[in-house]
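Trainee: Encoded as structure tokens, here's the structure I'll be asking about.
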Amino acid sequence: MAPSSSVSPSRRNQRRGRSPGRGMRRVRREYRSRSKDRDRSPPLRDRDRTPPARDRERSPPPPLRDRDRERERDRERERERERERERERARDRERDRDRERDRDRDRDKVSQRDREKPREKDKSPTAKDKVAPREKDREKLSREREKSPPRVREFTEAELKQIEEETAKRLEETVQKQVEAALNSEEMKQKIQEMIDEGQKRIVDEVNKRLEEEKQQLLEEARRKEEEARRQQEELDRMLEENRRRVEEAQRKAAEEQAMKEEERYRELETLQKQKEELLRRRKKEEDQERAEQMKILGKKNTRPKLSFGFQAVSMGPPILVDPLRV
């Protein structure tokens, strides 16, 4: 059942002096029908009343009740009405201030007329007096204001204020007229035209100067880039020349080393050839000596030729060596 502390929207509207509309009647009927349904519904068992923890975590949050929605709408309407009343009070205060200013202005005008009546017999003031009051009159008015009662003093202050405002207004109008007359004169127009021409000329000169500066900057940049490219090309040529010189030096050293190796090899071959020739010469000399000795032996014992192992008997000529393995 609905709590006893809650108040229906219709009763709330009746307290405020308004009758509930169709929407409020419909909300009231729905609220009553739901209350009756809740009263008729059977009591829930413990297992139906408190679902498991995992079901409570997975179940979506309960929707906002219609009663809470209606309360929120009522609060919003109340806040809107309060804002409207605040705006109305602000308009009333502004209207009261305007009325107060109008009353003060009318009071100042009446006091001004009352003070101007005894002055009608005096002479008309000059243009200088119209523009601003004299210092003596100002001092006299201040003394009279000090001696006068508060009400008269208030009127005198208002009068002085009005005179000052009127003086400032006339002075401003006079200055404005003089400025307009000076601006509309031919001399001023000519000066303005000269100033315009000078300004245009100055702008053109500045633009030309800026263009010339930008042109010089571009030329300087192009010259700098060209110098940089030339310096890079010279550096590249110097590097190529250095590399070529190093390659030639390496090739020359390699050729010299190869020539020295060839010469050394040739010398070794020549030395070997000389050694071989010397060896052959010694062998030939030894063979000649052996043959001469054999001839001497053969010449002493002429009975028969001497045969030795590995030699073939020959009556004439040098001995021939025979390989024993082949025999």
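Every residue gets a Cβ built from N, Cα and C, even glycine.
Okay, these came from TrEMBL:
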REGION    1-160  region 'Disordered'
COMPBIAS  12-29  compositional bias 'Basic residues'
COMPBIAS  30-160  compositional bias 'Basic and acidic residues'
REGION    220-265  region 'Disordered'
COMPBIAS  278-294  compositional bias 'Basic and acidic residues'
REGION    278-301  region 'Disordered'
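Explain the structural surroundings of these features, please.
Mentor: Per-class residue totals from DSSP over the compositional bias 'Basic and acidic residues' (278-294), listed helix then strand then coil: 17 helix, 0 strand, 0 coil.
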Trainee: In the region 'Disordered' (220-265), how many residues does DSSP call helix, how many strand, and how many coil?
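Mentor: Final tally across the stretch: 46 helix, 0 strand, 0 coil.
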